[in-house]
Amino acid sequence: MIKLIVGLGNPGAEYTATRHNAGFWLVDQLAREAGATLRDERRFHGFYAKARLFGEEVHLLEPQTYMNRSGQAVVALAHFFKILPTEILVAHDELDLPPGAAKLKLGGGSGGHNGLKDISAHLSSQQYWRLRIGIGHPRDLIPESARAGAKPDVANFVLKPPRKDEQDLIDAAIERALAVMPTAIKGETERAMMQLHRNGA
């Protein structure tokens, strides 16, 4: 069963529409669907809501610590409510998936994502669920003929808003991910994963 859903992003209006905040977009949508309001909760270092989703009580969290310190918020809430790593789902932007793709998986490395790296360090575990929301990679914007030796600026890419066509694809992927949330929250995470991946996300 999933008891805590975390969306990763950076705090501040200047980051709201940037690719790195895709995790926030998903949690914002979940809160809206539940009629819950995310409020600043200092003991959890983020915006927090307790929501009733699909008949289950679920904690929603958006760390306000900046991305590379996200673990501080996650571990504070997980310890307070005695939530196990396997009961946590972290939604985050994923460079290695194109816009329009979303994948669910349990465990694994950080893939260079500083938010995941910090969460794994604070939990002393990598065994939590990740919802990877594809944002594409800056190398995809470089003409193939010019890619050899090119060094795409990843930091600049993730801190910029997606193009309109990319945003539409990302929004569609988030909708597909939301459609499998009832299954995931009730603990049928493997089934949710198969549904999401089968639906072309």
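Easy rule for this one: first residue shown is 1, then count along the chain.
Note: Cβ is positioned from N, Cα and C throughout, glycine not excepted.
Residues annotated as site 'Discriminates between blocked and unblocked aminoacyl-tRNA' in Swiss-Prot: Asn10. Annotation for Asn10 (site 'Discriminates between blocked and unblocked aminoacyl-tRNA'): spatial neighbours Thr18, His20, Asn21, Tyr66, Met67, Leu159, criterion Cβ-Cβ under 8 Å with sequence separation of six or more.
Residues or ranges marked as tRNA binding site by Swiss-Prot on the basis of sequence analysis: Tyr15, Tyr66, Asn68, Asn114. For the recorded site, Tyr15 (tRNA binding site), the DSSP three-state label reads helix.
A helical conformation is recorded for His20 (active site, proton acceptor) in the three-state DSSP classification. For His20, the entry in Swiss-Prot reads active site, proton acceptor.
What Swiss-Prot lists as site 'Stabilizes the basic form of H active site to accept a proton' is Asp93. Counting every protein chain shown, 26 other Cβ atoms lie within 10 Å of the Cβ of Asp93 (site 'Stabilizes the basic form of H active site to accept a proton').
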Where the record names Tyr15, Tyr66, Asn68, Asn114 as binding tRNA, the maximum Cα to Cα distance in Å: 16
Separation of alpha carbons, Asp93 (site 'Stabilizes the basic form of H active site to accept a proton') and Tyr15 (tRNA binding site) (Å): 13
Asn68 (tRNA binding site) CB neighbourhood, other CB atoms within 10 A: 12
For the tRNA site built from Tyr15, Tyr66, Asn68, Asn114, further residues of that chain with CB within 8 A of the site's CB center: Asn10, His20, Thr65, Met67, Arg69, Ser70, Gly115
